[in-house]
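Peer 1: Would you mind keeping the following structure in view while I ask a few things?
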Amino acid sequence: MSVTGKYSLRSDDAYLRKADLPPKYEEIDVEKNPAVNAVSANVEGNGLPSKEKELEADADDDFVETRKTFAYRLGKQILLFFIWISIGLFLEITGPALQDLMVRVDSNYEEISRGLTGKSVGVFVGAIMGGYLCDRFSRHVDLLMSMALFVAAVATVFVPWCNKLGLLAVMFLLQGTAEGVINAGGNAMTLNLWGERAAAPMHSLHFGFGIGAIVAPQLARPFLMEDKNANTGTSGELNCSAINNPITDNVVVTTAMMNASQGGGRSWDDSQIQWPYLGIAVYVAILSVAVLGLYLKGPPKGFRMRTPKANDVTTDIKDIVNPATCNQGDMGIGLVFFILLFIYFIQGSGGERAYGKFLFSYAKDEIKMNNAQATTLNSVFWACFTAGRALSILIASLIPVQIFMGLDNILVLAVAIVLAIWSNVCPYTILWVFSGLLGAAYAPIFPNGFAWANRYMDMTATAACVMMMGGACGGFIYQYMTGALVQQNFQNLMYVEVGHGICLMVVFILMCILGRYRGEKFDRIKEQLEAEENDGFEMSKVEKS
């Protein structure tokens, strides 16, 4: 039996790491320590309770308490996982519902893309709000996330009832603001819950988004407007040479543009899209109540975050927004980190948002698929995205994050090039297969960015805010640009993805250079602890002499 006072370390305490114990910790084995045994025997001889038994009881109490704190930590991570499923639902139902929403607000692709930018503006605003509030009121992050989920639920209910583009943009703005607050608080919370071992939990968190994105198109499918101009071949296949014919291409694009601008002769009553939106809103509202209950109950006694600074409460706004706070007081390096991460998340979010939002419309208006085929293609993209998130959990635990990011960025660029060249040549081979590959390649980009930052910086909600602001700007830029380009030619969607892949690779190379110059955070912490232990050893030698 081993006793350590307040701390205990046993073979079945696998989740309590040595790094969590005080630097001066020494394990005392009562059974093998003669001095302790002598004292214990003396105490028992005097008719007093055994000191050994008291220590054992204390250790057992701490063991039970540690189990409770770990259960709380794991339970909180699982709840965050379900929250990310809800984000995937209320964000990605927009893709298959886009044409229905266009009819309801009487707009075309270029105009609806302006409405979509409201969501990205909201994420930007929400990231700023969430970053500051989650650092300023760090003990009330659960309450902030509960409020954000409630706002998202209300906005989701009203989205399909909007009959004006401006009103729809406001609802998207509210959804985006809620997403920004949730992301800023949830990502920082995951990193602080698990510390150095946060890479796999971070990937599992974003795996939930993929699940929601898979389910969303299938929820929408039965309630979409009926097909008017879709391919109705019984085999569901198109002749590749016909699609590649310039005259046919011009007819397809011209017809698609007219349908997009005029709503294809369809009316509000042709769509019942409000019902899946309502179901998603109810799910989000239930999560809001669950998070509120977790906040009211509070953590168990003895619970602490894995990242030491996450246990401190910062109230000075200068410290909260100062990049030096995340980089051991180095203002210059901290600012460079923030800038590069901001640009990286522009790319990390932008390409995914553009492809996910316009793939359904590309399949229907360029390839002439029907609703069933287009929604299935959309779900295939998100299914592969989700599978990529699941696989990345394993990969992140096996190889360094830098190598993982490099291989993934190469895959993104290669797949985008193939789609740009051959996607409209024979879509039932290239589009289906490589859309799935692109989804799998996009999957690790976002969580990899957080995992990489966590190895070089002290992660706070403000740091997460900077990354979310980059993601918001990426959504704004890429969705608006893609909407304008798709209105001219649907094939421009694929060229946008190629440009995105090139930009992502360039930013990653710059991040590698900076990381190599700075060195990893956890290596510096270990060096500091070793230096402190050596200083203490030298001082003890001097005192003995």
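A Cβ is built for glycine as well, from the same backbone N, Cα and C atoms used for every other residue.
TrEMBL annotations: computationally assigned, not manually curated.
Dumping what TrEMBL says about this protein:
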type     : residues : note
TRANSMEM : 78-98    : transmembrane segment
TRANSMEM : 118-134  : transmembrane segment
TRANSMEM : 141-161  : transmembrane segment
TRANSMEM : 275-296  : transmembrane segment
TRANSMEM : 332-350  : transmembrane segment
TRANSMEM : 379-399  : transmembrane segment
TRANSMEM : 406-423  : transmembrane segment
TRANSMEM : 429-447  : transmembrane segment
TRANSMEM : 459-481  : transmembrane segment
TRANSMEM : 493-514  : transmembrane segment
Peer 1: Between 78-98, 141-161, 332-350, 406-423, 459-481, who has the most Cβ pairs under 8 Å to the transmembrane segment (118-134)?
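Peer 2: Counting Cβ pairs under 8 Å, the winner is 459-481.
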Peer 1: Do the transmembrane segment (429-447) and the transmembrane segment (141-161) share at least 3 Cβ pairs under 8 Å, sequence separation 6 or more?
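Peer 2: No, the transmembrane segment (429-447) and the transmembrane segment (141-161) are not in contact.
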Peer 1: Give the nonlocal contacts of the transmembrane segment (459-481) in its own chain as ranges (CB under 8 Å, at least six residues past its ends).
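Peer 2: Residues 113-114, 116-117, 119-124, 126-128, 130-135, 138, 141, 176, 180, 183-185, 187-188, 191-192, 307, 309-310, 314, 320-321, 325-326, 338, 341-351, 353-354, 357, 446, 449-450, 453, 496, 500 contact the transmembrane segment (459-481) from elsewhere in the chain.
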